[in-house]
Amino acid sequence: MTKLLVGLGNPGDKYFETKHNVGFMLIDQLAKKQNVTFTHDKIFQADLASFFLNGEKIYLVKPTTFMNESGKAVHALLTYYGLDIDDLLIIYDDLDMEVGKIRLRAKGSAGGHNGIKSIIQHIGTQVFNRVKIGIGRPKNGMSVVHHVLSKFDRDEYIGILQSVDKVDDSVNYYLQEKNFEKTMQRYNG
């Protein structure tokens, strides 16, 4: 069996640790814990790392297509490896949740998130496992674009680091249990 764990974000130093790159931050954390490094794959338009866990190959994926085209990389990888939608887990930021809150879902709309919208368009379904990490709404009249492309302030960053640990725990639990429904019951709350 093979699993794809995909963190959404934008490539490049300009976007490093911005709110929209929470998915990349989590995937980087998982790679660090597994002591694996990323290599860029031009065909898949993604940075990839992999490891084995309980006999399963786990791919850590950071699409390099920029957020709004993330579905291209996800679709290419699913197709190439002949994977089912159940083998996919997407990790991304959510404006409508408080900073640092997490929510696991097995289906749903894009909710205004262009990366998720792209994935839904490319794979043809809204039914796929996902972990949402809250980044909060813009404050003081700030535009959504400016908000998601800005860095966290100190207090927000502390909350995000705590959520990254919780998401890391939930992803590891999911990989061990091989049951997303059970993982949602344990970590949503």
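In case you wondered, yes, glycine gets a Cβ from its N, Cα and C as well.
Annotated tRNA-binding residues in Swiss-Prot are Tyr15, Phe66, Asn68, and among Asn35, Asn54, Asn114 the one listed with them is Asn114. Of all residue pairs in the tRNA-binding list (Tyr15, Phe66, Asn68, Asn114), the one with the greatest Cα separation is 16 Å apart. With respect to their backbone Cα atoms, Asn68 (tRNA binding site) and Asp93 (site 'Stabilizes the basic form of H active site to accept a proton') stand 13 Å from each other. Taking each Cβ in turn and tallying the other Cβ atoms within 10 Å, the top scorer among the recorded positions Asn10, Asn68, Asn114 is Asn10. Within 8 A of the CB centroid of the tRNA site residues Tyr15, Phe66, Asn68, Asn114, the other residues of that chain are Asn10, His20, Thr65, Met67, Glu69, Ser70, Gly115.
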